[in-house]
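So that you can see what the record holds, here are the features copied from TrEMBL:
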type	residues	note
BINDING	R37, Q55, R60	substrate binding site
ACT_SITE	H138	active site
ACT_SITE	E242	active site
Amino acid sequence: MQVYLFGGHVTSWKNELGEELLFLSSKNTFKPPKAIRGGIPICFPQFGNTGSLEQHGFARNRFWSVDPDPPPFPSNTSSRAFVDLILGHSEEDAKIWPHRYECRLRVALGPGGDLMLTSRIRNTNTDGKSFTFTFAYHTYFFVTDISEVRVEGLETLDYLDNLKNRERFTEQGDAITFESEVDKVYLSTPTKIAILDHERKRTFVLRKDGLPDAVVWNPWDKKAKAMSDFGDDEYKYMLCVEAACVEKPITLKPGEEWRGRLEISAVPSSYCSGQLDPRRVLFTG
(Lines of atoms letter the chains of each structure in order from A; the text may use other names.)
(Lines give C-alpha, C1' and ligand atoms only; values in the text may rest on other atoms or scores of the structure.)
Protein backbone atom coordinates (compact mmCIF):
# COMPACT_ATOMS: atom_id res chain seq x y z
CA MET A 1 0.00 0.00 0.00
CA GLN A 2 1.34 3.43 -0.96
CA VAL A 3 -0.26 6.73 0.00
CA TYR A 4 0.86 10.21 -1.07
CA LEU A 5 0.34 13.21 1.20
CA PHE A 6 -0.41 15.14 -1.99
CA GLY A 7 -4.12 14.56 -2.44
CA GLY A 8 -4.35 12.06 0.42
CA HIS A 9 -3.96 9.77 -2.56
CA VAL A 10 -3.65 5.98 -2.51
CA THR A 11 -1.43 5.09 -5.50
CA SER A 12 -0.69 1.39 -4.94
CA TRP A 13 -2.42 -1.65 -3.49
CA LYS A 14 -1.05 -5.14 -4.11
CA ASN A 15 -2.20 -8.66 -3.35
CA GLU A 16 -0.20 -11.36 -1.58
CA LEU A 17 1.48 -12.27 -4.89
CA GLY A 18 2.76 -8.74 -5.31
CA GLU A 19 0.39 -8.02 -8.21
CA GLU A 20 -0.74 -4.41 -8.52
CA LEU A 21 -4.50 -4.00 -8.21
CA LEU A 22 -4.86 -0.27 -8.90
CA PHE A 23 -4.23 1.44 -12.23
CA LEU A 24 -1.70 4.28 -12.32
CA SER A 25 -0.99 6.04 -15.61
CA SER A 26 2.57 5.83 -16.97
CA LYS A 27 2.19 9.47 -18.07
CA ASN A 28 2.02 10.86 -14.52
CA THR A 29 4.53 13.62 -13.79
CA PHE A 30 3.83 13.73 -10.02
CA LYS A 31 4.24 17.51 -10.14
CA PRO A 32 1.77 19.45 -7.98
CA PRO A 33 -0.66 21.06 -8.35
CA LYS A 34 -1.67 18.62 -11.11
CA ALA A 35 -3.63 15.72 -9.64
CA ILE A 36 -2.25 12.19 -9.87
CA ARG A 37 -3.88 10.14 -12.64
CA GLY A 38 -4.91 6.77 -11.25
CA GLY A 39 -5.02 5.16 -7.82
CA ILE A 40 -7.79 6.57 -5.64
CA PRO A 41 -8.27 10.35 -5.94
CA ILE A 42 -10.45 11.96 -3.27
CA CYS A 43 -13.14 14.13 -4.88
CA PHE A 44 -14.21 16.82 -2.38
CA PRO A 45 -16.02 19.20 -1.95
CA GLN A 46 -17.29 18.76 -5.50
CA PHE A 47 -17.57 15.77 -7.79
CA GLY A 48 -17.17 16.43 -11.51
CA ASN A 49 -17.92 19.86 -12.93
CA THR A 50 -21.43 20.31 -11.60
CA GLY A 51 -20.55 23.25 -9.32
CA SER A 52 -18.44 26.39 -9.31
CA LEU A 53 -15.16 24.70 -8.35
CA GLU A 54 -12.53 23.04 -10.50
CA GLN A 55 -13.20 19.51 -11.77
CA HIS A 56 -13.61 17.14 -8.80
CA GLY A 57 -12.93 19.87 -6.22
CA PHE A 58 -9.62 20.72 -4.61
CA ALA A 59 -8.88 17.94 -2.08
CA ARG A 60 -6.95 15.91 -4.67
CA ASN A 61 -4.75 18.93 -5.44
CA ARG A 62 -3.75 19.79 -1.86
CA PHE A 63 -1.11 18.49 0.51
CA TRP A 64 -2.65 16.63 3.42
CA SER A 65 -1.01 16.10 6.82
CA VAL A 66 -0.63 13.05 8.99
CA ASP A 67 -3.39 13.41 11.58
CA PRO A 68 -1.74 13.79 15.01
CA ASP A 69 -4.95 13.15 16.94
CA PRO A 70 -7.34 10.98 14.93
CA PRO A 71 -10.76 10.19 16.40
CA PRO A 72 -11.23 6.64 17.69
CA PHE A 73 -12.39 4.03 15.21
CA PRO A 74 -14.70 1.10 16.01
CA SER A 75 -12.83 -1.60 17.90
CA ASN A 76 -13.94 -4.30 15.46
CA THR A 77 -12.03 -2.76 12.55
CA SER A 78 -8.81 -4.74 12.89
CA SER A 79 -6.12 -3.80 10.39
CA ARG A 80 -2.58 -4.85 9.57
CA ALA A 81 -1.50 -1.29 8.84
CA PHE A 82 -3.14 2.11 8.62
CA VAL A 83 -2.45 5.82 8.26
CA ASP A 84 -4.62 8.75 9.33
CA LEU A 85 -4.54 11.92 7.23
CA ILE A 86 -6.26 15.28 7.58
CA LEU A 87 -7.01 18.21 5.29
CA GLY A 88 -8.26 21.42 6.81
CA HIS A 89 -9.41 24.92 6.00
CA SER A 90 -6.91 27.27 4.36
CA GLU A 91 -7.12 30.95 3.48
CA GLU A 92 -6.35 30.06 -0.15
CA ASP A 93 -9.30 27.70 -0.42
CA ALA A 94 -11.59 30.08 1.46
CA LYS A 95 -11.43 32.38 -1.56
CA ILE A 96 -13.16 29.76 -3.71
CA TRP A 97 -15.08 27.80 -1.03
CA PRO A 98 -15.73 30.04 2.00
CA HIS A 99 -16.12 27.42 4.71
CA ARG A 100 -14.14 25.96 7.58
CA TYR A 101 -13.96 22.18 7.65
CA GLU A 102 -11.93 19.14 8.65
CA CYS A 103 -11.63 16.29 6.17
CA ARG A 104 -10.15 13.16 7.75
CA LEU A 105 -9.12 10.00 5.94
CA ARG A 106 -8.04 6.65 7.34
CA VAL A 107 -6.45 4.26 4.85
CA ALA A 108 -6.07 0.73 6.23
CA LEU A 109 -5.15 -2.79 5.17
CA GLY A 110 -7.38 -5.47 6.63
CA PRO A 111 -6.16 -8.86 7.90
CA GLY A 112 -6.91 -10.45 4.53
CA GLY A 113 -5.31 -7.67 2.51
CA ASP A 114 -8.55 -5.76 1.90
CA LEU A 115 -8.15 -2.03 1.33
CA MET A 116 -10.34 0.13 3.58
CA LEU A 117 -10.90 3.88 3.31
CA THR A 118 -12.92 5.85 5.84
CA SER A 119 -13.60 9.57 5.44
CA ARG A 120 -14.98 11.94 8.05
CA ILE A 121 -15.94 15.47 7.07
CA ARG A 122 -16.88 17.97 9.77
CA ASN A 123 -18.29 21.49 9.48
CA THR A 124 -16.14 23.72 11.72
CA ASN A 125 -17.67 27.03 10.61
CA THR A 126 -17.85 29.61 13.39
CA ASP A 127 -20.36 31.83 11.57
CA GLY A 128 -23.27 29.44 11.99
CA LYS A 129 -23.42 28.60 8.29
CA SER A 130 -24.10 25.18 6.85
CA PHE A 131 -22.25 23.90 3.81
CA THR A 132 -23.09 21.42 1.08
CA PHE A 133 -20.74 19.09 -0.79
CA THR A 134 -20.49 16.06 -3.03
CA PHE A 135 -17.86 13.34 -2.67
CA ALA A 136 -16.32 10.32 -4.38
CA TYR A 137 -13.55 7.78 -4.05
CA HIS A 138 -12.50 7.94 -7.72
CA THR A 139 -10.99 4.43 -7.73
CA TYR A 140 -9.04 3.28 -10.81
CA PHE A 141 -8.94 -0.51 -10.96
CA PHE A 142 -6.29 -2.31 -12.98
CA VAL A 143 -7.87 -4.81 -15.38
CA THR A 144 -6.32 -7.14 -17.93
CA ASP A 145 -8.60 -6.25 -20.86
CA ILE A 146 -11.55 -3.86 -20.53
CA SER A 147 -13.46 -5.76 -23.23
CA GLU A 148 -13.39 -8.84 -20.97
CA VAL A 149 -14.65 -7.08 -17.85
CA ARG A 150 -18.15 -6.86 -16.47
CA VAL A 151 -19.72 -5.09 -13.51
CA GLU A 152 -22.48 -6.74 -11.50
CA GLY A 153 -24.81 -5.22 -8.94
CA LEU A 154 -25.98 -2.20 -10.98
CA GLU A 155 -28.53 -3.94 -13.18
CA THR A 156 -31.97 -2.28 -13.62
CA LEU A 157 -30.87 0.85 -11.73
CA ASP A 158 -31.42 4.44 -12.82
CA TYR A 159 -28.35 6.37 -13.89
CA LEU A 160 -27.32 9.82 -15.12
CA ASP A 161 -25.37 9.70 -18.39
CA ASN A 162 -22.66 12.36 -18.37
CA LEU A 163 -22.14 11.82 -22.10
CA LYS A 164 -25.75 12.91 -22.70
CA ASN A 165 -26.00 16.03 -20.52
CA ARG A 166 -26.74 14.02 -17.37
CA GLU A 167 -29.99 12.69 -18.85
CA ARG A 168 -31.59 9.99 -16.71
CA PHE A 169 -31.94 6.42 -18.00
CA THR A 170 -32.61 2.96 -16.56
CA GLU A 171 -29.97 0.24 -16.95
CA GLN A 172 -30.99 -3.02 -18.58
CA GLY A 173 -31.09 -6.28 -16.69
CA ASP A 174 -27.75 -7.63 -17.84
CA ALA A 175 -24.33 -7.15 -16.27
CA ILE A 176 -22.50 -4.08 -17.58
CA THR A 177 -19.87 -4.71 -20.25
CA PHE A 178 -17.65 -2.28 -22.16
CA GLU A 179 -17.18 -1.57 -25.85
CA SER A 180 -17.07 2.25 -25.94
CA GLU A 181 -16.65 5.30 -23.71
CA VAL A 182 -18.77 5.27 -20.56
CA ASP A 183 -19.40 7.95 -17.92
CA LYS A 184 -22.45 7.14 -15.81
CA VAL A 185 -23.63 7.94 -12.29
CA TYR A 186 -25.73 5.04 -10.98
CA LEU A 187 -28.24 6.05 -8.31
CA SER A 188 -29.39 4.36 -5.09
CA THR A 189 -26.92 1.54 -5.58
CA PRO A 190 -26.50 -1.52 -3.36
CA THR A 191 -23.81 -1.56 -0.69
CA LYS A 192 -21.94 -4.28 -2.60
CA ILE A 193 -20.76 -4.16 -6.24
CA ALA A 194 -18.54 -6.62 -8.12
CA ILE A 195 -16.07 -6.09 -10.98
CA LEU A 196 -15.26 -9.34 -12.78
CA ASP A 197 -12.00 -9.57 -14.74
CA HIS A 198 -12.41 -12.67 -16.92
CA GLU A 199 -8.83 -12.75 -18.21
CA ARG A 200 -7.28 -12.63 -14.74
CA LYS A 201 -10.04 -14.72 -13.15
CA ARG A 202 -10.20 -12.06 -10.46
CA THR A 203 -13.15 -10.29 -8.90
CA PHE A 204 -13.01 -6.98 -7.09
CA VAL A 205 -15.74 -6.63 -4.48
CA LEU A 206 -16.65 -3.12 -3.32
CA ARG A 207 -18.51 -2.66 -0.05
CA LYS A 208 -19.54 0.88 0.78
CA ASP A 209 -21.42 2.85 3.40
CA GLY A 210 -22.70 6.43 3.27
CA LEU A 211 -22.06 6.55 -0.47
CA PRO A 212 -25.34 5.80 -2.27
CA ASP A 213 -24.14 6.40 -5.84
CA ALA A 214 -21.62 4.60 -8.06
CA VAL A 215 -19.81 6.25 -10.96
CA VAL A 216 -18.58 4.04 -13.81
CA TRP A 217 -16.01 5.61 -16.16
CA ASN A 218 -13.69 4.63 -18.97
CA PRO A 219 -12.50 7.28 -21.47
CA TRP A 220 -11.97 4.82 -24.37
CA ASP A 221 -9.61 5.58 -27.24
CA LYS A 222 -10.43 9.10 -28.47
CA LYS A 223 -10.58 10.73 -25.07
CA ALA A 224 -7.51 8.80 -23.89
CA LYS A 225 -5.48 10.27 -26.75
CA ALA A 226 -6.66 13.76 -25.81
CA MET A 227 -5.41 13.51 -22.20
CA SER A 228 -1.79 14.51 -21.65
CA ASP A 229 -1.48 12.44 -18.48
CA PHE A 230 -2.95 9.26 -19.92
CA GLY A 231 -1.38 6.77 -22.37
CA ASP A 232 -3.14 6.30 -25.70
CA ASP A 233 -3.86 2.61 -25.04
CA GLU A 234 -4.12 2.69 -21.26
CA TYR A 235 -7.92 2.77 -21.35
CA LYS A 236 -7.72 -0.97 -22.11
CA TYR A 237 -6.22 -1.68 -18.70
CA MET A 238 -8.36 0.39 -16.34
CA LEU A 239 -11.89 0.88 -15.12
CA CYS A 240 -13.17 3.41 -12.62
CA VAL A 241 -15.99 2.27 -10.37
CA GLU A 242 -16.38 5.02 -7.81
CA ALA A 243 -18.26 4.94 -4.52
CA ALA A 244 -19.84 8.38 -4.46
CA CYS A 245 -22.46 10.77 -3.18
CA VAL A 246 -23.38 12.88 -6.19
CA GLU A 247 -27.10 13.12 -6.95
CA LYS A 248 -28.15 14.34 -3.49
CA PRO A 249 -25.42 16.57 -1.99
CA ILE A 250 -24.67 16.33 1.71
CA THR A 251 -25.43 19.32 3.94
CA LEU A 252 -23.73 19.75 7.31
CA LYS A 253 -24.58 22.29 9.98
CA PRO A 254 -21.73 23.61 12.18
CA GLY A 255 -20.48 20.79 14.39
CA GLU A 256 -22.07 18.05 12.28
CA GLU A 257 -19.99 15.26 10.74
CA TRP A 258 -20.51 13.00 7.74
CA ARG A 259 -18.84 9.64 7.36
CA GLY A 260 -18.29 7.54 4.24
CA ARG A 261 -16.55 4.20 3.96
CA LEU A 262 -15.24 1.98 1.18
CA GLU A 263 -13.79 -1.51 1.51
CA ILE A 264 -12.31 -3.27 -1.52
CA SER A 265 -11.28 -6.89 -1.73
CA ALA A 266 -9.77 -8.86 -4.61
CA VAL A 267 -10.80 -12.51 -4.72
CA PRO A 268 -10.47 -15.36 -7.23
CA SER A 269 -13.51 -15.56 -9.50
CA SER A 270 -15.60 -18.69 -9.07
CA TYR A 271 -16.48 -20.51 -12.26
CA CYS A 272 -19.50 -22.71 -12.90
CA SER A 273 -19.97 -24.21 -16.37
CA GLY A 274 -17.53 -21.63 -17.66
CA GLN A 275 -19.52 -18.72 -16.24
CA LEU A 276 -18.79 -16.55 -13.26
CA ASP A 277 -21.28 -16.96 -10.47
CA PRO A 278 -22.32 -13.45 -9.35
CA ARG A 279 -24.50 -14.76 -6.51
CA ARG A 280 -21.43 -16.07 -4.73
CA VAL A 281 -19.88 -12.63 -4.94
CA LEU A 282 -22.87 -10.40 -4.29
CA PHE A 283 -25.06 -12.33 -1.90
CA THR A 284 -22.64 -13.95 0.53
CA GLY A 285 -20.18 -12.66 3.06
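Note that Cβ sites are derived from N, Cα and C of the backbone, with glycine treated the same way.
Feature map: annotations from TrEMBL on the structure.
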| residue | record | Cβ contacts under 8 Å, 6 or more apart |
| --- | --- | --- |
| R37 | substrate binding site | L24, S25, K27, N28, M227, D229, F230 |
| Q55 | substrate binding site | G48, N49 |
| R60 | substrate binding site | G7, G8, H9, A35, I36, P41, I42, C43, H138 |
| E242 | active site | C43, A136, Y137, H138, T139, A214, V215, V216, W217 |
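Around the Cβ of H138 (active site), 23 further Cβ atoms fall within 10 Å across all displayed protein chains.
Highlighted in sequence order, K34, A35, I36, P41, H56, N61, H138 have their Cβ within 8 Å of the centre of the Cβ atoms of R37, Q55, R60, the residues recorded for substrate, and are not part of that set. Of all residue pairs in the substrate-binding list (R37, Q55, R60), the one with the greatest Cα separation is 13 Å apart. Under DSSP, Q55 (substrate binding site) is assigned to coil, being neither helix nor strand in the three-state scheme. In the three-state DSSP assignment, the secondary structure recorded for E242 (active site) is strand.
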